[in-house]
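Okay, structure first, notes after.
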Amino acid sequence: MRLFLVRHGESEGNARRVFQGRLDYGLTPRGELQARSLAARLSGMEVVHFATSPQRRARLTAEILGSTLGRTAVPLPELSEYDIGEPSGLTIAEVRERYPGILEAQRRGERVEFPGEEGRNRFQARVRRALDFLTRFDGDVVAVTHGGIVSAACHIVTGVDPVRRGVFHVGNCSLTVIERDRTGRLVLTRHNDACHLDGLVTAFDTG
């Protein structure tokens, strides 16, 4: 079993440099090119299951990949991005102005939340449900999702404390691969692989 986790291509929210959360942005032209580059890399791959976040930026990426994989992605709600709550749609500067100290406290590992935020415990449980489902298959599975989901999956598989943010950066349209070894244990074998994005890497990709 190999699970290929794909972060969506560059979105309109990425281009605006805002926290996206559950806001439903589409892809930029660069994001579409990123998805086509990844599709070319995955050409010829035999996939036993193809899933996507129901959010637009992921669905559009999945449509481009699906044209190469010969499959239509099945929406999986558990693959939706982390809901950051009220800061959705705001830049880092705007978040710091409206909610002083919270972002910095979170980055120090303190258990504080923005108004309306999903909450880390609920989020981790949701990502575990997604992993449990996607790793049941025999063969290669592709899931198009978001940076927060891929990062959380890496934390879960490696056992690294999820409070330590920034350990697993995930770029737009990068590949992260999780495999099941002979003992049945999940192993992170590839992280943030973007070698197919020559000249197309997004410089700033929050959300």
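Even glycines carry a Cβ here, placed using N, Cα and C.
Note that the coordinates shown come from a computational prediction; the quantities given were computed from them, not determined experimentally.
Site annotation (TrEMBL): substrate is bound by Arg7, His8, Gly9, Glu10, Ser11, Glu12, Gly13, Asn14, and the candidate from Arg56, Arg57, Arg59, Arg71 recorded at this site is Arg57. Residue pair Ser11 (substrate binding site) / Glu81 (active site, proton donor/acceptor) shows a Cα separation of 13 Å. Taking Cβ-Cβ distances under 8 Å and a sequence separation of 6 or more, the neighbours of Arg7 (substrate binding site) in its chain are Val144, Thr145, His146, Gly147, Val150, Val170, Gly171, Asn172, Cys173, Ser174, Thr176.
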